[in-house]
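What TrEMBL records for Y521 is active site, O-(3'-phospho-DNA)-tyrosine intermediate. Summarising the annotation, TrEMBL assigns coiled coil to 108-135, 442-509. TrEMBL lists 158-535 with the feature domain 'DNA topoisomerase I eukaryotic-type'.
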Amino acid sequence: CPRWEEEKKEDGVKWTQLEHRGPYFAPLYEPLPDDVQFYYDGKPLKLSLATEEIATFYAKMLDHEYTTKEIFQNNFFNDWRKEMTSNEQNIIKDLDKCDFREIHKYFVDKSEARKALSKEEKQKLKEEANKIQEEYGYCILDGHREKIGNFKTEPPGLFRGRGDHPKMGMLKKRIMPEDVVINCGKDSKIPVPPEGHKWKEVRFDNTVTWLASWTENIQNTLKYIMLNPSSKLKGEKDWQKYEVARRLKDVVHKIRAQYQADWKSKEMKKRQRAVALYFIDKLALRAGNEKEEGETADTVGCCSLRVEHIKLHPELDGQKDVVEFDFLGKDSIRYYNKVSVEKMVFKNLQLFMKNKDPADDLFDRLNTSILNRHLQSLMDGLTAKVFRTYNASITLQEQLKALTTSEDNVAGKLLSYNRANRAVAILCNHQRSTPKTFEKSMQNLQSKINAKKQQVEEAQQELKKAEEEYEDTKDAKAEANVEKKKKLLKRLEEQLARLNVQATDKEENKQIALGTSKLNYLDPRISVAWCKKFGVPIEKIYNKTQREKFAWAIDMADEDFEF
């Protein structure tokens with residue numbers, strides 16, 4: 001039977017046997033060649049090794065938008081100066097006088113040289129990477145050889161963050177064995193740390209699924225080495241997550257009726273909770289968990305909204321009772337939305353904002369713990385994230401039903417799928433900035449479309465000529481030629497249609513990140529069932545890695561699956 005349907009363990013126990021090699025550490029810094037120099041105020045300056053390494057982080061990013069941002073520049077320069085020798089600190093006092101161009105060129109050339117390697121040299125590099133993967137990329141878990149997800153520690157570099165993160169440009173320090181906590185089986189062979197080093201701690205905790213962990217220095221958050229998404233434990237966890245969201249389907253009407261009744265409650269606490277729950281349900285807002293220690297980004301979720309984050313419009317753009325949201329959500333991604341809400345929600349918001357300053361909490365009687373306790377009382381396992389998962393999956397299912405036409409070719413069906421997926425990404429506010437290569441790739445695509453149009457026109461003329469020849473001769477050979485030209489024209493028209501669909505899809509998705517919802521919020525069985533029902537190959541929706549992650553769904557769902 002499939003691995004995820006094997007005998008379950010007692011509560012809380014995740015495994016009985018776990019053995020692995022520990023993390024693979026990022027290689028040590030290789031100094032720059034003597035002929036590659038850093039310049040300060042127009043003069044070459046030899047940097048100490050630690051200072052030079054950090055300079056290369058910045059130099060590599062010279063052609064990136066990040067290095068044009070003042071906050072990135074300031075954070076980088078502050079952290080860089082901390083690592084300099086006192087002599088370097090006395091000289092290097094102004095980032096504008098620093099010239100990293102030669103270092104930047106060195107890495108660009110190095111990258112180009114790597115691309116230009118012969119097939120044999122590339123194969124050799126691939127074999128070396130495979131050897132590392134074989135040694136560090138697998139563990140033994142309850143008798144199964146399971147793949148590990150991210151078995152390498154992140155190399156040092158400059159923190160980027162998403163959106164306008166206030167810590168962008170800060171120095172991400174090198175992870176050493178002394179920072180790492182190892183987790184493995186009591187009776188297994190404990191991983192050996194690199195020579196001359198020791199682990200921070202070794203644990204034997206079978207109630208968690210991580211293999212190693214450390215605290216990163218920017219956000220002060222824990223990072224983990226986990227199993228690959230295709231592993232039995234991850235598959236089980238994924239499956240259970242979507243089953244909890246499916247359970248919500250049976251009680252969601254009752255929950256909605258309850259929070260609507262609470263809009264008129266005599267208790268302010270209940271009213272606030274009910275309006276917040278309405279936002280979480282209808283707009284897929286995150287609950288807004290308390291921030292990590294030392295987190296400086298002014299990001300909020302539903303419970304932590306302030307008065308300044310919303311504007312109320314009795315009428316706007318022909319709609320009544322409109323709430324205008326504008327705040328920074330998770331990862332400093334801006335959430336901006338204008339929504340027409342229920343009359344009672346609008347009245348309650350007016351009440352919650354009365355006599356408050358812009359910086360005051362909108363829901364001053366509510367926090368995430370209160371909300372989550374309430375959600376748990378409504379349904380076992382219910383959280384704000386379950387609402388997001390439920391609403392995302394239901395939206396995808398409904399959109400697929402509305403948008404898919406069985407007569408369409410595969411390209412047309414995929415356009416419908418991406419449009420349905422986009423509706424979910426918009427609901428969940430999964431944005432991205434337009435890729436740097438977007439304009440160029442669109443131009444390339446347009447050139448292909450123009451060339452294909454030319455081919456279609458030529459094929460139409462060829463067909464017309466062939467038909468005229470047949471009319472004149474009524475010859476069997478001429479008739480066969482007509483059929484041949486018709487087939488060619490049909491094939492070229494299909495190729496043109498596919499390219500046009502691709503261009504539409506690319507344009508519509510340039511600022512939407514479809515991947516986040518597809519991998520984290522959408523029950524994969526909906527997509528698998530859709531593929532089976534409409535004859536679309538699953539590999540058109542999920543790549544190889546994703547098919548491994550969702551092996552349980554591909555195995556379980558038939559074309560009649562309903563979320």
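Using N, Cα and C of the backbone, Cβ positions are placed for all residues, glycine too.
It should be emphasised that the depicted structure is a prediction, and the values quoted were computed from it without experimental measurement.
A Cβ distance under 8 Å defines the sequence-distant neighbours of the coiled coil (108-135), meaning residues of its chain 6+ beyond its ends; these are 21, 24, 151.
Taking Cβ-Cβ distances under 8 Å and a sequence separation of 6 or more, the neighbours of Y521 (active site, O-(3'-phospho-DNA)-tyrosine intermediate) in its chain are R388, T389, A392, S393, V424, C428. Per-residue pLDDT, averaged along the domain 'DNA topoisomerase I eukaryotic-type' (158-535), amounts to 88 for this model.
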